[in-house]
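Asker: Just passing along the structure, written as structure tokens.
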């Protein structure tokens, strides 16, 4: 951080909630006293502080280019699931019985699963009207396409079977998968999805 002065808005690392915002109340060389919004006062090294964007709304932004500072505390990352490709079929982990178990379950209540991530996103979207995104990332051949299919399968399950223009919600969601794949797939050393 280049210039710290009394009144500067900053992010401070917190052992319980990762990052907490506050205001600089005293500068003593490299030791900075910060009054956190939680009410507690901490003294930290200047190198451990990150500037807070005073213009950014507390609920976040939908486009990170709108942020004045792009760093870990200034951006929010939701739940992360690390999935491992077992290189064999495990149909019992992805059937309708399993979907029913994750339906409405609090995140973290059951074992980590793509259905848990999809359900959390679905609940926030429906109950609170908050736009959601799920990022599926990994190396070539890691199983991104399969994970995406599972997420879409769950969302289709939650969307029900109400027909619109002769097609069910489930049909419409699952039919969109080849289009999504066309944007993300390419021929690589490990596989040929193109």
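Placed from the backbone N, Cα and C atoms, the Cβ positions cover glycine too.
Below are the features listed in TrEMBL for this protein:
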BINDING   138, 139, 140, 141, 142, 143, 144, 145  ATP binding site
DOMAIN    5-54  domain 'Myosin N-terminal SH3-like'
DOMAIN    75-194  domain 'Myosin motor'
Asker: Let me know how many other Cβ atoms fall within 10 Å of the Cβ of residue 145 (ATP binding site).
Answerer: 18
Asker: For the binding-site residues listed here (138, 141, 143), tell me which residue's CB has the most neighbouring CB atoms inside 10 Å.
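Answerer: Per the Cβ count, the most surrounded site is 143.
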Asker: DSSP helix, strand and coil counts for the domain 'Myosin N-terminal SH3-like' (5-54)?
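Answerer: Helix/strand/coil tally for the domain 'Myosin N-terminal SH3-like' (5-54): 3 helix, 31 strand, 16 coil.
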Asker: Around residue 140 (ATP binding site), how many other C-beta atoms are within 10 angstroms of its C-beta?
Answerer: 14
Asker: Across all the protein chains here, work out how many other Cβ atoms are within 10 Å of the Cβ of residue 144 (ATP binding site).
Answerer: 19
Asker: Any idea what the model's mean pLDDT is for the domain 'Myosin N-terminal SH3-like' (5-54)?
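Answerer: Within the domain 'Myosin N-terminal SH3-like' (5-54), the model's average pLDDT equals 90.
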Asker: Excluding 138, 139, 140, 141, 142, 143, 144, 145 themselves, which residues in that chain have a Cβ inside 8 Å of the centre of the Cβ atoms defining the ATP site?
Answerer: 85
